[in-house]
Amino acid sequence: MRPQSFISVLSLILFFLHCTKTLCQSPAAAPAMAPPTTPVKAPPADSSQAPSAQVATSPGPVDINKILQKAGHFTVFARLMQATTEDTELNKELNNTNNGITILAPTDSAFSSLKAGFLNSLSDEDKTELVKFHVLPAFISTSQFQTVSNPVRTQAGTGPRVTLNVTTTGNFVNISSGLTNTSISGTVYTDSQLAIYQLDKVLYPLDIFTPKPPAPAPEPALGKPGKAAPGVESPTAPKDISAAPTQLFLHDNALLLAVSCAFAAIIYS
């Protein structure tokens with residue numbers, strides 16, 4: 001009976017070990033779920049006008065208005081130049097002389113960002129000056145902006161109220177009028193005589209949008225002295241009367257001597 005008992009006990013031990021191993025096994029882990037992804041929003045578009053494609057040169061006379069219209073999104077500035085006849089004057093200068101011209105052309109977006117009714121509030125004279133303020137009386141290439149001397153003269157005239165300041169950092173060209181600060185954002189057109197660059201802001205000249213200094217007082221006229229008014233003596237040099245008492249004393253003594261001599265003659269006659 002001992003062998004049978006031993007086999008039974010051994011069987012129980014093996015069964016117990018098998019059950020313990022089965023119970024200790026952990027269930028298979030569930031596959032981990034990927035975290036939900038949040039869609040990435042695109043950055044807001046820049047409010048400035050994208051640089052326009054450069055207009056190619058064409059044979060024949062230069063026409064600034066046609067160049068601006070062909071470039072696109074310069075409609076307001078082109079109409080303003082046409083209304084003030086500045087485009088006609090510049091075309092004559094470009095086609096009949098060797099003078100160079102540089103135009104800083106604001107985009108339609110630059111004008112639309114202005115206060116409503118801005119252009120209509122300007123007089124014809126101010127509109128003409130505003131256009132001329134965006135024209136430089138010389139051809140300036142992009143590389144020449146790095147060596148230009150400030151202040152930069154405009155077609156509006158000379159003096160600090162109608163000039164510009166230019167600063168550069170690498171190929172970055174900054175334009176300042178004293179009231180407006182912007183930069184050149186593209187080249188619209190260029191040849192050997194005319195350069196047109198794109199601006200994303202309208203340049204405000206100090207001469208229009210700040211109070212003008214008071215006019216200097218008129219200088220006195222340098223003419224012949226006028227006649228004195230009636231009853232007013234003209235100024236004369238004062239007479240020297242320092243010897244008057246001496247002359248009066250001598251005159252009295254002479255008169256007394258003459259009287260004495262006449263009286264003596266009467267007595268002794």
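Backbone N, Cα and C atoms are what each Cβ position is placed from, and that goes for glycine too.
As stated in TrEMBL, the feature region 'Disordered' covers range 29-58 out of the listed 29-58, 179-208, 239-268. Looking up the ranges 142-165, 214-237 in TrEMBL, the one annotated as region 'Disordered' turns out to be 214-237.
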